[in-house]
Amino acid sequence: MRAIISLILISAMVFSMIAAVPEEEGLQLSEDERGGCLPHNRFCNALSGPRCCSGLRCKELSIWDSRCLG
């Protein structure tokens, strides 16, 4: 019986924490990210999008790190 009550209380606490964060707040993107281009010094992938903004190129700094640089 205690286990069931504890499970219900924990579920209610988790639900209240999830409901406390507005959905729009977690989904907001900057105009550049929404438009598909990345600003200076952001991670990029030279083979597939999103692409760097105009004047920038995706430069491979190491095997695991590529960034939009001028």
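Note: Cβ is positioned from N, Cα and C throughout, glycine not excepted.
Some features that Swiss-Prot has for this protein:
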type	residues	note
SIGNAL	1-20	signal peptide
DISULFID	Cys37-Cys53	disulfide bond
DISULFID	Cys44-Cys58	disulfide bond
DISULFID	Cys52-Cys68	disulfide bond
MOD_RES	Leu69	leucine amide
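Everything Swiss-Prot records as a feature, shown here on the structure.
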residue: Cys37; record: disulfide bond; DSSP class: strand
residue: Cys44; record: disulfide bond; DSSP class: coil
residue: Cys52; record: disulfide bond; DSSP class: strand
residue: Cys58; record: disulfide bond; DSSP class: strand
residue: Cys68; record: disulfide bond; DSSP class: strand
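Rounded to a whole number, the C-alpha distance linking Cys52 (disulfide bond) with Cys37 (disulfide bond) is 5 angstrom.
Within the set of recorded positions Cys37, Cys53, Cys68, Leu69, the entry lying nearest in space to Cys44 (disulfide bond) is Cys68 (CA atoms). Each residue contributes its Cα atom, and for Cys53 (disulfide bond) and Cys68 (disulfide bond) these two points are 8 Å apart.
The number of other Cβ atoms within 10 Å of the Cβ belonging to Cys68 (disulfide bond), over all protein chains shown, comes to 21.
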